[in-house]
Each structure stands twice: as structure tokens, then as C-alpha cells.
Amino acid sequence: MAAAVVLLRRLRGVTAAPRRAAAALPLTTSVRGVSDSTEPLTIETSVPYKSHIVDPPPREVATTARELATFFRDMSAMRRAEIAADSLYKAKLIRGFCHLYDGQEAVAVGMEAATTRADAIITAYRDHCAYLARGGDLAALFAELMGRRGGCSRGKGGSMHLYKKDANFYGGHGIVGAQVPLGCGLAFAQRYRKEAAVTFDLYGDGAANQGQLFEALNMAALWKLPVVLVCENNHYGMGTAEWRASKSPAYYKRGDYVPGLKVDGMDVLAVKQACKFAKQHALENGPIILEMDTYRYHGHSMSDPGSTYRTRDEIAGIRQERDPIERVRKLLLAHDFATTQELKDMEKEIRKQVDTAIAKAKESPMPDPSELFTNVYVNDCGLESFGVDRKVVRTVLP
């Protein structure tokens, strides 16, 4: 994060300790005048938390000018990256599935601010910004989206299967809800190894009715696994509104015997506070559910215009009233931590960096055709298989 600190010039002359690396994108934006102060201040969340069989955390969230400026930068970078991905897809440089996250940036950024790299994160197929929040490289992201060798999954994963093992980011998963049991498995490993870490296990409201979620939740509660199940409720499972798919859309109560919180997922400070609270709960008591009330601006995927099952007025209303980036912009301006022009300059620098990352990604070669056969089997594993006739077949895989 030392690179992130360089981004912002001190306004008040306060000597600041470096912010931990876990909460920042690897950007090098430098904007004069934006406050880098670490003087603490308290801001109240936009709305109260709703809770299920647990006392909610306080609405007052401790933050600093530096943190707010970093939030603004990181969310703006994510937004610009997703808009760029939209253009690359329409130019046919990105093929196949592509699910964009713009509008939901506060969830990824707020969650990262409450965790360390020892904590694990696993999510579904809308995973670009979760990867970036874990410190993922912009050029590696775009290279992966374009199927290039320099991608974070060597060009073989594409949009839905980003991965960053050194940051404990276990990727996106294309099957709805399939990642939830895997996340509980990560938490099982953390408990088995006696690690002081938790797993944030993300899924959408469209996956909230999947059977494997309840099976995994039961086992997690039974064994008191250190897992935080995060339902990113953007209110539409593909094109189906939540009220058409769920008898009870209060997803934070779905755990029955598992505590839950409903959080304004468009308020990055509320997300940070809730995730910090949930992490401590998971370490001490086992699983907890966080329902993030959020919203995606794009359609479900690139083939979905996003306007056949909801009105354009609805989308515009959310942008105007709840946009996560604009909320932080208003806080920075209201507390005189930055001027309008300084924030615009930061956004211009971000756009340049995204463009530079795309140009670098385009220079990366396509994977060699032989890559089709790598990482499929383990070499020399001495597989033993049994047929119905009980005869043993031994073989060595290529």
C-alpha cells in the first residue's frame, strides 16, 4: 500500500503511518491537494443495520481522510475498468461470458478494508472487482478477459475464473452457488490449521435459493467454521426480480439458527463496519450472514440489455440517490478533504492507467495450443480405478 499512500499529498501536514496493503489497488495516481490526513473522524452509516439473532454493530464508523480518498480512487478505478471491459466486449476483443460489477463497488472495497490477506475470499462469476480489491493487476485482468497468456489465469479462465492465490483470492465460479460449499471448505481448513483468519464466501440473491447453500450453512454452523456468508443482493437473478423467486427475500434471516445482518451495500463505510464485525463474530462464534443491499447498473451479462425487466428510471434513480462513488465524493467535498477539480484530476489519471493497462494486455500473446492439456491432470499420480467387475486398473496419467 505504500504505492497507494504516494497517491495522495498531505493537506494538513500530518505524518501518516502507511495503510496496510490489503485495502488498496496497485495504482499510482498522484493528485495534489487531496488530503492524506490520518486524523480520525466518525461518520454515521446511511441507514441502520437490520439484524437477526445478533446485536448489530454501531452506525458510527471510524475513518480518515486518507481512507476516504483511497476508497474513492479504488472504486473509481473499478468503475472505469468495467466500463472499459464493456467497450472491449463490444469490439469483440473479449469473447464468451462477461458479467460486470459497476454499481456494486462498495461491497468489494469495504470488505477489503476490513480484512487482511490472511483472510480468504471466494465469489461467483461477477468477480472482476473482487480480484482488483485483492490487489490484482489491471493489465493481468484485461489480459485474462482477452484470453491472453499474461492473464491472471494464463488466459484459460476468462471473465468468470479470475484467481490470485498469493492474496487468498480463490476466484470466480461459473456455476450458480457452487462456490459456497468451497468457501466453507476454506474455512474448515483455516480452523483445522488454527489460523486466526476467516473466509468471506460471496454469492448473489439468485443463488440464495440453491440447496447447496443450506447444506453448507448447516455444516458450517455445526462445526462453528470461521466463515462469513455474503449475499450480494442486487435484486435481480439474471432477469428475475427477487420477489418473483423468493417467498422471503430477507436473506440475512435465511440462516434460521445462524445470525445475520442486512447492510447498505452502496455505503462503503457501512460495508467496512459490518465486515469487521462479522469477521470477529466468525472467529469467536462461527458463521454469520451479511446481506448486502446493492445494485448493478449493467445487465446480468453482456447479452442482457438490463432494461426489459426493470425501467431506465429505476436505474437512474439508484445512480442519483445511492451511487457508492458519489457518496464518497460528497464526503470528501463536505469535509474539505478535496476539491471538485482535484477529484476530477484523480479520475483522469485513473482513466490513463486503465488505458495503459489495456494496451499492455493487448501486447500479451495468446496461449500456446498445448496449454489445453496443462493443469488438467496431475502427472505421475498413479491413479487406481475400480470397474464394476472389481478388477483394478492402474495407470499413469500423461
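Easy rule for this one: first residue shown is 1, then count along the chain.
Glycine is treated like the rest: Cβ placed from N, Cα and C.
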Given Swiss-Prot lists N234, Y236 for Mg(2+), the same-site residue among D205, D264, D267: D205
Given Swiss-Prot lists Y125, R126, G174, V176, D205, G206, A207, N234 for thiamine diphosphate, the same-site residue among H281, H300: H300
Cα-nearest neighbour of Y125 (thiamine diphosphate binding site) within the listed binding-site residues, H99, N234, Y236: H99
Site extent for thiamine diphosphate, whole Å (max Cα pair distance, Y125, R126, G174, V176, D205, G206, A207, N234, H300): 18
Chain-mates of D205, N234, Y236 with C-beta within 8 Å of site centroid, Mg(2+): G204, G206, E232, N233, H235, G237, E242, Y295, R296
Neighbours of N234 (pyruvate binding site) among the binding-site residues G174, D205, A207 (Cα to Cα, within 10 Å): D205
By Cα-Cα distance, the member of binding-site residues D205, A207, Y236, H300 nearest V176 (pyruvate binding site): A207
Binding-site residues clustered about H99 (pyruvate binding site) [Cα within 10 Å; pool: D205, A207, H300]: H300
